[in-house]
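> Annotated transmembrane segment per TrEMBL: 29-48, 143-160, 165-182, 194-211, 223-249, 269-287, 356-376, 383-407, 413-431, 438-455, in sequence order. Positions annotated as repeat 'TPR' by TrEMBL: 532-565, 566-599, 601-634.
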Amino acid sequence: MASKFKRNKSQMESRPIMDFQSLIKEDKWLITSVLVVVILTFVTYRGALDNDFVDWDDYAYVVENDLVRSVTDMDAFKHATKAKTTIVNRDPAPLQTTVGDVFQRIVSLNYHPLTVLTMRWNNNVCPNCYEGISAKPFIKWNLILHILNSILVLLLVYWLSKKNIFASVVVALLFALHPMHVESVVWVSERKDVLYTFFFLAALLSYGKYLDQKHWKWLGLTFVLFILSCLSKAMAVVLPIVMLLMWFWNDNSKTPFESLKKTLHPRTVLHTLPFFGVALLFGLIAVDVQSGGDFYGLFEKGTRTVAINDFDTFSILQRFQFASYGFLEYIIKFFIPKELSTFYPYPEQATYDTSLYFRVAPIVVAIILGLALYSIKFTKSIAVGVGFFVTTVILVLQFVSVGMVIMADRYSYLPYIGLAFMLIMLIQEYMPKNKQKVTYIVVIGLTLLFIPITMRQVETWQNSEVLWTNVIELNRLKNGSLPRNIEQPLSNRGNYYGKKSERAKTQQESNLFVEKAFNDFQMAANLGSERPEVYEGIGNAYGMKGEFAKALENYSIALKFAPKRGSIYFNRGVTYSILKNPEMAIEDYNKALQYTPEIAPQVYTNRGLAYMELGQNEAAITDLKKALQYNPNNEMVEGYLRQLGQ
């Protein structure tokens, strides 16, 4: 069989030792290629710098996160909004949290302190911005990291392909410009993707240096970069397996099968054991915190309770079918990136029951993996490319269901390097040399066709309204109705309209957004939603419309689905306060503080006012002073304390 495939002689030559300083000095083509990648990437993504935060994790990660923003700044913006004024143009106030807090606290059911730390550095005050903070610095640094990652991809493939500049440029451009990667770059909350990939790729380059020189300092550097990658996102835990793939690729045995045996030899695996140990630790942390844990009390829990769905939600067969579906869809969208969405919901039961795709998908995946293993008889390229893809995507294939989506564009960010590398290496191995450059140019030309698609995808992240409207319309049925599995996008758009109503300049504009929010939440409820935020949103909308009895009714429905969600108790408490029922309000404020201590400043203020109404001045003074500790410049709280003789 192997005789049918003629490998280029250069494929078996020994690999030159990497020396990036000499590369920069001597290889003009490499420098030119880097500049081309940088310029094209920036031009394609520059529109993202005008985008805003979106109502999808950005509030948890940045806008309402005291690890990133000062409580003083957050309160100042809220008070300015209520008073219909603007906040003062100034530098950000000092943060009340420390770097130590960053490394101790779980954010949105994830432990990635390095990611949060870099977001902390992007903190700013923007008087004219939607939330009193500009998204531009966050998106700018996401883009810078993406450009750096594209350069690292170019350098990595340059080494893997033995200085094939055309192959390097093709893979780098596919990585830099692919429309599926927009989500990882322009979504503020996905800083973790571009950051962990930066350290991941840097670790692979360092490991390549180790393979060339067998000097332990490079392995030590690889280990440090690996830890930094894990501290950015737990997905990095697969790096030790990718290291073994690189060892396999780098080995100069006569046949790929002999290289495989050497790679799996205990003496080879031994040097990766510390890496597997770190991977196991971060893997255990990730599973625990995604399940709502604090890893044996080591970390401080956040406000969300669980991300991993109950294992009984889907059968084992369904899990394999969903995973296989995602696996195939990622491959298809690598070549044909159409109907891209920021939200791919699980299929409704009726669709799943009648779909041939879900039944056949596992068989097709098994065939692909079988052929990849069989290819080791005559080439390494397929096994390494598919191996890289599988290794870096397998953790997000929904064997263990996390969240509401069956797949996500961001999960392709690192895995697509494997598919692109395989494609280009096969051209290098089996295509005659006199045709290779022309083929590379054609592939580069086809890749450039991604630019307008990527630009359009960047525009879908302008703000929450554009983002979620795009998702809703993509999932609309042929008869114009909406499926039940689109309730979260409706809820998220409703939240956006609710926030817009609070920031509206006129009462008429505010009423318009309240009505839009109410309609979205009501549509989600009519679809049979059991999401607590849907009924909390309906309650908020009724409250803004002055229909407080209906607001209380919907808050109570929301609490049936989420009896430990502090924000619902707080909003119901506010409603009780408006209805002059301070006793019931205080009960709800107590529970809000118990379940969601992050909203303590608002709770202490409102509970203090409730105590004032009851004539319990000592309790009121205690609460208002606690509120003032969070924001010493809160003039409203100071005014109430003066009324109480303080």
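Using the three backbone atoms N, Cα and C, a Cβ is placed for every residue, glycine included.
Because TrEMBL annotations are produced automatically, they should be read as predictions rather than curated entries.
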> Which bits of the chain, at least 6 residues beyond where the transmembrane segment (194-211) starts or stops, bring a Cβ under 8 A of a Cβ in it?
17-18, 112, 114-115, 118, 142, 145-146, 148-149, 152-153, 155-156, 159-160, 184-185, 218-219, 221-222, 225-226, 228-230, 232-233, 235-236, 239, 242-243, 246-247, 250, 413-414
> Please spell out the DSSP helix, strand and coil residue counts for the repeat 'TPR' (532-565).
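Summed by class, the stretch gives 27 helix, 0 strand, 7 coil.
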> Out of 223-249, 383-407, 413-431, what stretch is closest in contact terms to the transmembrane segment (143-160), meaning most Cβ pairs under 8 angstroms?
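Out of the listed stretches, 413-431 contacts the transmembrane segment (143-160) most.
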> What does DSSP give as the helix, strand and coil breakdown of the repeat 'TPR' (601-634)?
28 helix, 0 strand, 6 coil
> Hey, does the transmembrane segment (269-287) touch the transmembrane segment (223-249), meaning at least 3 C-beta pairs closer than 8 angstroms, sequence gap 6 or more?
yes
> What counts of helix, strand and coil residues does DSSP assign across the repeat 'TPR' (566-599)?
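For that range the per-state counts are 30 helix, 0 strand, 4 coil.
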> Between the stretches 356-376, 383-407, 413-431, 438-455, which wins on the count of C-beta pairs under 8 angstroms to the transmembrane segment (29-48)?
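Ranked by Cβ pairs under 8 Å, first place goes to 438-455.
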> Using a Cβ distance cut-off of under 8 Å, indicate which of 165-182, 356-376, 413-431, 438-455 has the most pairs with the transmembrane segment (383-407).
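The stretch with the most contacts is 413-431.
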